[in-house]
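For reference, the structure discussed in these notes is given below.
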Amino acid sequence: MQENAKKRSIGTKGKITSSSNIDDNNIKNVVEYEDLSDDQDTQVKRIKVNDKSVPSSDTTEKLSKDNNTLPADFFDNSSKTSSSQQEKTTNEKLSKDNSTLPADFFENSSKISSSQQEKTTNEIEEEWILFQKLISKETQVSNQIAYEDEEELQRDRDEMLDREQEMCFKRSERLKEVAKKVRENREHKMAVLLYDIQNIFDIQDYLCYY
């Protein structure tokens, strides 16, 4: 009965701490078993604790004392140690990765790069040859078009000269016909005139005779 009358409580004088469920093993330096009917310390207010672990002010003071006993550069040293460990781990990983590379890895990479450069050079040369072929083909087409245009122009000129010559020939033929007609008319007129003159002389001779 006396053990059942005891309750678990933690606290400090004049201050109430928060309650939570704790275990016996976690609070053996924190929790005090006291009888609720004991009135020796009436100014201390206690809170019933279920089964959760809550740090008390005594524990906080103890932790602060422990922190005071640590050296000033404890956390710096710990961070440096962790960073050095990380670097060591990274270096070990890199060394392992390098050890897994084949012996001729860098030589192969240089060979691959040189082969790629040769391939690029060959591609450029092939493209240049193809470009020259295209230019030559386009030049031939352009020359063919220019030749055809020149032939057509020369043909037009020849046709125009032929038309001009034909016109000149027709004109000369007309002039010849006109000249022939004039000459024929003139000869006819001369013949008529000679005939008239001859008749006049005949008439005079006849009159003189008689």
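Using the three backbone atoms N, Cα and C, a Cβ is placed for every residue, glycine included.
Listed in TrEMBL for this protein:
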COMPBIAS  32-41  compositional bias 'Acidic residues'
COMPBIAS  42-51  compositional bias 'Basic and acidic residues'
COMPBIAS  77-88  compositional bias 'Low complexity'
COMPBIAS  97-119  compositional bias 'Polar residues'
DOMAIN    101-179  domain 'ZNF380 coiled-coil'
REGION    1-119  region 'Disordered'
DSSP on the domain 'ZNF380 coiled-coil' (101-179): how many residues come out helix, how many strand, how many coil?
75 helix, 0 strand, 4 coil
Restricting to the domain 'ZNF380 coiled-coil' (101-179), what is the model's mean pLDDT?
83
